[in-house]
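Record features, source Swiss-Prot:
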type     : residues                          : note
ACT_SITE : His42                             : active site, proton acceptor
ACT_SITE : His156                            : active site, proton donor
BINDING  : Lys65, Asn66, Gln67, Asn68, Thr69 : substrate binding site
DISULFID : Cys50-Cys110                      : disulfide bond
DISULFID : Cys64-Cys123                      : disulfide bond
DISULFID : Cys82-Cys138                      : disulfide bond
DISULFID : Cys89-Cys98                       : disulfide bond
CARBOHYD : Trp34                             : C-linked glycosylation site
CARBOHYD : Asn44                             : N-linked glycosylation site
CARBOHYD : Asn86                             : N-linked glycosylation site
CARBOHYD : Asn92                             : N-linked glycosylation site
CARBOHYD : Asn111                            : N-linked glycosylation site
CARBOHYD : Asn119                            : N-linked glycosylation site
MOD_RES  : Tyr60                             : 3'-nitrotyrosine
SIGNAL   : 1-27                              : signal peptide
Amino acid sequence: MVPKLFTSQICLLLLLGLLAVEGSLHVKPPQFTWAQWFETQHINMTSQQCTNAMRVINNYQRRCKNQNTFLLTTFANVVNVCGNPNMTCPSNKTRKNCHHSGSQVPLIHCNLTTPSPQNISNCRYAQTPANMFYIVACDNRDQRRDPPQYPVVPVHLDRII
């Protein structure tokens, strides 16, 4: 009885730890709206090299993000995808606010190769260019801080396919 209960408690703690890690990956810096944070993470590739481009994101999050995808398109083009038919989000089946791009776009996927928890400026990334479809989650804009020309805006890059 005791070993079974102990094992169950360990499994529960591991599950809660994984949920905490997963939840922390979707936290935006307070100075951004969700749409602004989407644009920063997935549209505004500040350098053609992942290592340099990821420094911007890592500095806001104060950690080395494991991976990130930059869509080589405009924010306006992604906003247009928000007008495509709604679908269930692949990463969260309870969300129905996702939209398929309908056409492939060039993108760069950055993958952390050299973590550096003590100094995030030393994190290094490999990059993989590709042409792929993507699925994006969209929500109504933040009335106070997002530009009024887009009533519905992208807030999460759910999947690349």
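The count begins at 1 with the first shown residue.
The backbone N, Cα and C atoms fix where each Cβ goes, and this holds for glycine too.
Shown here: features listed in Swiss-Prot, placed on the structure.
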{"residue": "Trp34", "record": "C-linked glycosylation site", "DSSP (3 states)": "helix"}
{"residue": "Cys50", "record": "disulfide bond", "DSSP (3 states)": "helix"}
{"residue": "Cys64", "record": "disulfide bond", "DSSP (3 states)": "coil"}
{"residue": "Thr69", "record": "substrate binding site", "DSSP (3 states)": "strand"}
{"residue": "Cys82", "record": "disulfide bond", "DSSP (3 states)": "coil"}
{"residue": "Cys89", "record": "disulfide bond", "DSSP (3 states)": "strand"}
{"residue": "Asn111", "record": "N-linked glycosylation site", "DSSP (3 states)": "strand"}
{"residue": "Cys123", "record": "disulfide bond", "DSSP (3 states)": "coil"}
{"residue": "Cys138", "record": "disulfide bond", "DSSP (3 states)": "strand"}
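Here Cys110 (disulfide bond) is compared against the recorded positions Asn68, Asn86, Cys123, and the shortest C-alpha distance is to Asn68.
Secondary structure at the residue listed as 'active site, proton acceptor', as computed by DSSP, is helix.
All protein chains shown were included, and the count of other CB atoms within 10 Å of the CB of Asn44 (N-linked glycosylation site) stands at 14. Asn68 (substrate binding site) and Cys82 (disulfide bond) are 21 Å apart (CA-CA, integer value). Other residues of the same chain near the substrate site, with their Cβ within 8 Å of the Cβ centroid of Lys65, Asn66, Gln67, Asn68, Thr69, are Met54, His109, Cys110, Asn111, Leu112. In terms of local Cβ density within 10 Å, Trp34 ranks first among the recorded positions Trp34, Tyr60.
Considering other CB atoms within 10 Å as the measure, the emptiest surroundings among the disulfide-bonded residues Cys50, Cys89, Cys110 are those of Cys89.
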